[in-house]
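Engineer: Questions regarding the structure given below will be posed in turn.
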Amino acid sequence: MNQKTKRLPRVSMPMQDAQLRRGNFSEVALGYTLEQARTEAGRCLQCKKAPCQLGCPVEVDCKQFIRHVAEGRLDEAYSVIKATNSLPAICGRVCPQEKQCELKCKLLPTGQPIAIGRLERFVADSYYAENPCDAVTGGDECRLLRDDLKVACVGSGPSSLTVAGYLAALGIPVTVFEALHEVGGVLVYGIPEFRLPKSIVRTEVEFLKRMGVEFKTNWVVGKTVGIRELMDEGYQAVFIGVGAGLPKFLGIPGESLLGVYSANEYLTRVNLMRGYRFPEVDTPVAAGRHVVVLGGGNVAMDAARTALRLNAEKVTIVYRRTKEEMPARLEELEHALEEGVVLENLAAPIAFNGDEHGRLISLTVQRMELGEPDDSGRRRPVPVKDAYFDIPTDLAVLGIGTGPNPVLLRETPELTLNKWAYIKADPETGETDIPMVFAGGDIVTGAATVVLAMGAGRKAAREIARRLGVEQ
Amino acid sequence: MPVNKILKKRALIPGKTTELTLDAPEIARKAKPGNFVILRINESGERFPLTIADADAGAGTITIVYLVLGRSTAMLEALEQGDSILDLCGPLGQPTDIHKVGTVICVGGGTGIAAMHHIAKGHAQAGNRVVSVIGARSADLLLFEEELRKFSHEVLVATDDGSRGEKGFVTQILQKRLEEDPQIKEVVAVGPVPMMRAVAGVTRPFGVKTVVSLNSIMVDGIGMCGACRVRVDNNIRFACVDGPEFDAHQVDFDELMLRLGSYVTQEKESYKRYCECHESKN
């Protein structure tokens with residue numbers, strides 16, 4: 001059987017047509033049907049020692065859930081996934097599976113790996129309307145909440161939601177404090193609707209509420225309330241998952257011209273504030289005709305594809321290295337190219353140029369070439385002498401990275417920071433230098449992925465449960 | 001969750017400038033002079049900043065003052081006592097750096113007088129001699145004169161048309177005081193950008209420390225986006241987390257003015273739509 005299944009290609013996922021989708025904000029990937037999912041799951045070799053699980057930062061038992069899918073038992077598949085992953089509908093969509101679970105798939109060397117992400121997504125989507133407690137306790141009732149315990153999560157992005165889900169499943173009451181008016185962190189302000197529909201984030205949050213998690217929006221921890229005060233109020237443990245939200249700027253001339261945005265601002269206006277529906281909603285967003293996006297990660301892809309959907313005529317991604325070095329997910333890069341995004345590789349920004357009204361009209365870049373490998377093993381881009389050129393643009397979006405947000409850190413000087421000014425936390429437990437205060441996700445590692453933040457949350461949650469005497 | 005109920009609505013300049021007292025105990029407990037809040041009126045609303053003009057930790061209330069200038073402030077104006085604001089987030093920004101230094105001149109223009117009032121009060125409570133200088137186009141557009149008299153050692157008024165106090169600008173009064181009184185240790189100015197820039201110009205030759213509260217465009221107000229970035233001493237700073245107060249002698253006011261105009265067209269369109277919609281309902 002194995003020899004035969006190996007040769008079958010992976011079942012392709014239905015997609016919105018590239019020409020059609022660049023005109024709307026609806027989800028691009030449409031998801032498997034039951035039949036497609038069962039066919040794809042049937043390709044799984046059901047390895048004795050399944051390496052896919054080890055490739056997953058939250059250790060989803062991929063082999064088991066895929067077997068359930070192949071045999072049509074979606075509820076059991078869902079239980080298996082939910083046992084370690086509190087946000088499967090999200091992970092199935094935004095994880096870089098090609099670098100994680102699917103990279104370990106035994107089918108990879110001789111063919112295409114199992115589409116684990118797509119299957120996870122299919123299971124989560126199919127199981128939506130069901131009771132969240134069911135997956136945790138096998139019944140309609142969630143476990144009784146322990147009234148002697150309470151834990152605070154600061155921030156409501158993927159790491160905090162994971163902590164909340166894990167602890168709530170053990171009956172520990174959790175309060176999540178979020179600074180913005182909507183819960184989800186980067187899932188609601190950063191990742192666009194066409195990649196992750198907001199309704200999915202809301203459903204996942206609704207599940208957590210039904211498990212007893214309390215959400216407090218418009219609470220800026222560090223301003224409205226401090227970490228120390230939370231502990232004084234009786235929270236036995238605090239998890240800090242505030243992300244790395246402070247956008248970096250280049251410090252090159254013309255960066256304050258009208259038309260130059262951080263990707264965080266551009267995406268927040270469009271995603272969180274629904275600026276693409278202006279003037280139906282009140283938040284305006286600049287719609288550029290010739291848009292330039294700086295950077296090569298997922299944020300840059302999201303910004304570029306968003307600009308297309310806001311009717312840009314031309315969108316160019318400017319990146320210092322070559323296409324091969326781009327840190328973005330391969331699938332996102334491919335989608336962007338299909339939709340018409342243009343790549344300008346080996347080009348580094350030198351200056352933004354404006355007209356007499358202070359409006360951006362072009363970006364001067366310098367041609368680069370690849371030199372010797374640097375510490376990370378990647379070949380370092382080296383400027384080509386006197387090779388400058390201008391790219392006409394009326395909207396530039398900087399997706400060049402973020403740093404640690406200072407709001408909470410300034411108000412909590414007791415937290416020890418590492419040399420990159422992120423929070424220092426024990427890699428095994430997530431505990432910071434303040435006892436019973438834990439941290440995880442981008443505020444510890446710097447900007448990384450959703451699932452790595454979830455993995456850190458899971459680790460911290462396990463340790464918190466152990467310290468509170470709820471788990472071994 | 002805080003309910004953000006409007007406990008009191010008071011027209012300071014009827015139809016134009018209004019003071020709201022809001023039920024916001026968590027914010028009131030922490031609010032210091034110089035802090036601001038971010039508001040969102042309803043589900044389709046935008047986030048926008050307003051300075052905390054006063055806070056009463058005991059009563060659990062904060063006071064905000066706004067000038068009806070566009071869609072969001074018009075939506076705020078349409079709310080009545082007993083209504084609630086959907087989202088209210090704060091206190092944000094760095095509080096004013098207040099120390100006992102001696103004589104401090106607090107300059108306020110237009111709606112900025114409200115923000116200045118909270119800062120001046122802080123200086124008075126710290127034991128400073130506070131000279132409040134306020135200005136407006138005419139007497140009927142002046143705010144908080146009475147409130148300022150309660151703790152200021154002097155209140156000096158300038159109006160463009162001379163209908164109250166001295167005829168002219170606040171900068172003229174300031175210039176005279178700086179010439180006459182070498183004891184002035186600090187100047188604080190809050191108001192329209194041209195006014196704050198003019199104040200910086202007046203105090204610069206005297207070498208007196210001058211602080212201005214900048215009103216740049218904000219979205220999140222917590223350092224996530226950099227919409228509010230300003231150039232101070234040629235460095236990019238975020239007004240929401242590094243400010244909103246900065247050394248007036250180092251602020252690039254031209255760039256601030258430019259960036260405040262980023263969305264003029266959309267702002268007009270949005271306000272026009274609101275007004276038309278509002279009229280057709282009446």
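The backbone N, Cα and C atoms fix where each Cβ goes, glycine too.
Below, the features straight out of TrEMBL:
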DOMAIN    B:1-98  domain 'FAD-binding FR-type'
BINDING   B:Cys225, B:Cys228, B:Cys240  [2Fe-2S] cluster binding site
Engineer: May I ask you to pick out the binding-site residues among B:Cys225, B:Cys228, B:Cys240 with a CB closer than 8 angstroms to chain A's CB atoms, ordered by sequence, or 'none' if no residue qualifies?
Structural biologist: B:Cys225
Engineer: Around B:Cys225 ([2Fe-2S] cluster binding site), how many other C-beta atoms are within 10 angstroms of its C-beta?
Structural biologist: 26
Engineer: What does DSSP call B:Cys240 ([2Fe-2S] cluster binding site) in the simple three-state scheme?
Structural biologist: helix
Engineer: Could you give me the DSSP helix, strand and coil counts for the domain 'FAD-binding FR-type' (B:1-98)?
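Structural biologist: DSSP classes over the domain 'FAD-binding FR-type' (B:1-98) add up to 13 helix, 44 strand, 41 coil.
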Engineer: Around B:Cys240 ([2Fe-2S] cluster binding site), how many other CB atoms lie within 10 A of its CB?
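Structural biologist: For B:Cys240 ([2Fe-2S] cluster binding site), the 10 Å Cβ neighbour count is 28.
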Engineer: Quick one: give me the count of other CB atoms within 10 A of the CB of B:Cys228 ([2Fe-2S] cluster binding site).
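Structural biologist: Counting Cβ neighbours of B:Cys228 ([2Fe-2S] cluster binding site) within 10 Å gives 27.
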